[in-house]
Each structure stands twice: as C-alpha cells, then as structure tokens.
Amino acid sequence: MILLTDHEDPKTGKKNKGTSKEVCGYPLSIFFIVVNEFCERFSYYGMRAVLVLYFKYFLRWDDDLATSIYHTFVALCYLTPILGAIVADSWLGKFKTIIYLSIVYAIGQVAMAVSAIHDITDTDRDGTPNNMTFHVVLSMVGLFLIALGTGGIKPCVAAFGGDQFGDHQERQRRTFFSVFYLCINGGSLLSTIITPILRAQNCGIYSKQKCYSLAFGVPAALMVVALVVFIVGSGMYYKAKPEGNIMGDVCKCIGFAISNRYKHRSKQYPSREHWMDWAEDKYDKLLIAQIKMVLKVLFLYIPLPMFWTLFDQKGSRWTLQATTMDGNFGAIVIQPDQMQTVNPILILTLVPIMDSVIYPLIKKCGLNFTPLKRMTVGMFLAALAFVCAAVVQIEIDVKLFPLFICLIFPFLIIIRATFFLQSGQLSCAFSRDFGFGSSYTFFIPSTLSLGSNCQESITGAEDIKPNSVHMALQVPQYFFITAGEVMFSVTGLEFSYSQAPSNMKAVLQAGWLLTVAIGNFIVLIVAEVAKLPKQWTEYVLFASLLLCVCIIFSIMAYFYTYIDPTEIEAKFRRNVGDDDDDKNDKQRKLEMEMMKRDLDRSDDEHYKGKQTKM
C-alpha cells in the first residue's frame, strides 16, 4: 500500500516542503538515504583499505612516515564531525550540510584518483613519476577534503534519516537504524574486498604499474553516485530547520562557571557543592544538572583513546605486516590489504552471538556483567591481539631475510621477476617466481648464446627458501581485536546513550569520536618518537600501555555510580514547577494584600468624604 504524506514540523505545526510516499509504512525517502550511506561507506573504506600501501609503494615513503600520515588522516576524520554538527545545528541544517560537504568529499576522492596516475609526470616513461611533489601535494589535498567531507556528514546522515519518520513510526525508525548500520558494514566489507583486487591490477599508458588510480577511482565514482542519489530524493525529504547548537550552549555554560569561580576565588565567598554550581548566577539549574551528568561520563572517557590507538593500526601496521607474509590460500591469493575484511566479517558474526548467547549465558551464571566491565574486557582483548601480532612478527623476523641475487653477467636489467640479458641487438628473457624472503644464486655461463632457448643454459640454486609465514596467522589477532571492538565500542555507545541527558546525546557522541581522534594521534607520537629497532617490540609496547590503562579504567569504573538521566531531569523539572507554584502562591497573597489595602483605603476616603459633606 502506498500513501502520500506531508511532514509537519513538530514544533511549529507547519508543513514543510518535503512530501514523501509511504511504502509498507516506511517513508520512501529513506531509500535514498540508505543507498547514499552504502555508497559513501564503500567510498571511504575502499580508499582507506589501500591507503597505507599507496604511501609505501607509490609515494615511496618508509613504514613510519606512511603510518604517521595514515593515522593523521584518520584522526582528522574523527575531529571534523564536531565541525559538521555545529554547522548543521546552528547554520545550514542537516540537508544542506550533507549536500555541500558531499561535494567537497567527492572532489577529494577524485583528487586522490588523479594523484595515483603515474603517467602524468612520468616524462621518461620508465614507470616511475619524475615529479613526486605533484603527486604528494595532490594526494594530501585530496585526503584533507575527504576528512572534511566524511567527518562533516558523519553526525548528520543517520539523524537526518531518523527525521523522516513521524511519531507513529517508532518501530519503522528502529528498523531503519538497523538497516542503516548494516549498510555501513556491508559497504565496508565489499570495498575492502574489491579495491585491493583493483589495486593489484596493472594499468598505465606508457608503462604498466600497480593500479592505485583505479583503486581510488572506483570509490570516487561511488561517492559521486552517493551524492546524485541523495539529491534525487530532495523533494521527498523532511528538512528540519536548525534550532541552535547545544554543544555551544554547553561550552558557554562551562566557561561561565570557570570564570565565575575564578572571580570569586577569595575565601570570603562560600564554597559550592560542585564547581558547575557557579553557573547558577546565569544559567538554568536543569541545564547545569545535565552538564554535570555529561562531565561525569566524559571523565570516564579519559583512558579510552588508548584502545583506538591499537584498534586503528589494523589498517596500517598490520597491513604492512601482511605484505611480508604469504597470502596463498590455495584456491585464492589474498592481497595484504584484503586481510582487513576479516574485521567486518567477524563483526557481523560476533555481534549477534554476543547479544543472544554470550551475554545471556553470563547473566544466567549470576555474574553482573555491567557495561563498564564489558568495556574493560574489550580493552584487555585488544591488548591480547597485539601480543599475538608481536608473536607473528617474531616469526616473520626469524625467517625473513633481505632478498639478494648474485649475478655474474654484464648488462643485466631486472624488472620485477624477469631478467633481460642483452648483447648488442641480441637479448635473452629469463623469468623466475620469487617468494618473500627467498635468496637465489644464478649461474650464467660466459659461453651463453643469446636466442629463443637461451634460458635453458641458465641454472639457479635456492639458497634460502621463500618465507613460509602464512597470512592465516593474522586471524587470531583480528579475532581478538574484533571481539574487543564488539565489547568495547558497541557497549560504550550503548552506555553513553543510557547515561546521557535527553538533549545532550550528540555532545557525548562528539566526545566519543574525539577519543578516536586522540588515539590516532598517540600512534603518531609513538611512531615518530619511539623509533624502536624491532616492530615486535612496538607491538609489545602498545599492548603494555593498554594493559596499564585497562587497570586504571577498571578502578574508575568501580567507583562509577550508574544514573537514570530521565529521573534526574524529571526531578529538576518538578523542583522548578514547585518553585513556580511557590512563586505563584506568594504572588497571589501579595495581590490579595494589595487589594485589601486598596479596599481599606477607598472605604476610609469614602468615610472622610462623608464627614466633610456632613
């Protein structure tokens, strides 16, 4: 059944411009939003999956610089949501913010695709760009625009989708959010499978190289599709007008409390129960109580960035680790950046298992597995994942030696795994497949006659066998980090939502995203400052740091008291109502007294008037 509905602003009661059909009780407009989110997430995760390899093999950066720039980009992606929320709430509204920043986003993706075309500056046509500065600058501009775009629309799209439902569609709204997050994981999974395959292809006009331009170009095309789809549904959307920025109000209230406390720091002024109470001179008590609840949760957020420090390295350090491993699984060969697909696959598997099996089983055992306890266990599992990564790295370091080939023939040119022997106009092509960490010695006789069968005269000895460390050894570390993510991230979002006041859930969401950004900045500090000689020691360092933070967080969680924000808000509203009633009673008494005085005064004047006449 298809119905046509006009959306009505719940505050003003006026119909807005959006008119959407309903299909089986769902607004048709959400179809465009869901498709938009799928394409956008495909675009982001597809580009990000091959990013660190682009830095290492195309821009020729070392592992530390590639890791640092990668995590700088990720950190910016989680800082810009605050800017997007402010712009949407106080100025443009969600719809225009999504449109404008999606355009910026698409331009950034196109810039990344163009920056990966080696033929643009390959003037001598040898397969290597001659002006690397052009490619570096264009890619950095592209990444900045992508971070601005994806971060800016992050807090808007889900909320905009929720706005499309009326009060009578609460069940449909919940289903929408489930489908919405399924699209996020679906886009992530497909993109991390497809874009590494595209990257592994050879392409080019003058010379064939790994096709990073195609790996970035497809996500760019998907972002353009996401923008077009979203614009097509424009006439159906309910577009709520911006109502002001609650984050700005919170910051102003906190700032006033601090400044007011500083002005009255003398001992002659009586102390107050909480430092936020100094804002009562200007701000409502209910707002102050809500900010107190938010600050209580934000205090618990202080140790959380260390979890993200470890978690986001699966796209940098772990991908670089996979490049030194064997990805041959028999029927298929896994690319190093494709190992990241293990994470979304495990998420889709572990979330229902945790919710329907593990947590109920723990509850039946009589254990009170609170959200903060779950988060603590999640941090421990992430530390365990890095212990596994360290063990795998030790296995790699033991078996991986520098590749060297002893050659005793002049005019030898090596291109990938093919040798070209040249003497005048004659040449000989000899090819050999090399494994990671292998070492070979080739014997080329001086009496070699070049021709079609020349390779039969070349003999080789395998000094060191190819590296036998298989990528399957990374599965345990991916399992532990994903299990930690489910227990930490999913539970943390649920905890934050339950402990947040009704009008400040976006503030805590911004605080949560800020912990992700700080975690990525910590990676930069360690990568650039520590300079540890062995990679496995860096993994052990991160695991040790998270274990220490885990202990600190468990102590903080032990002293945390769970609250019911709705009950507290209702209490303050009742108090405000009681105060209003008291004020009204006093006002009525005062009016009665004034009326009595007026009556007495009028009677007295009337009596005096009579006396005069008499």
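Each residue, glycine too, has its Cβ placed from N, Cα and C.
Computed from a predicted structure; not experimentally measured.
Of the listed segments 174-194, 321-341, 426-446, TrEMBL assigns transmembrane segment to 174-194.
Residues 250, 276, 372, 378-379, 382-383, 385-386, 481, 484-485, 488, 492, 495-496, 499-501, 504, 507-508, 511-512, 514-516, 518-520, 522-523, 526, 542-543, 545-546, 549, 552-553, 556-557, 560, 563, 565, 568 of the same chain lie 6 or more positions beyond the ends of the transmembrane segment (293-311) yet place their CB under 8 Å from a CB of it. Taking residue pairs at least 6 apart in sequence, the transmembrane segment (174-194) and the transmembrane segment (65-86) share fewer than three C-beta contacts under 8 angstroms. Looking at 98-120, 345-362, 506-527, the range that has the most CB pairs within less than 8 A of the transmembrane segment (174-194) turns out to be 345-362.
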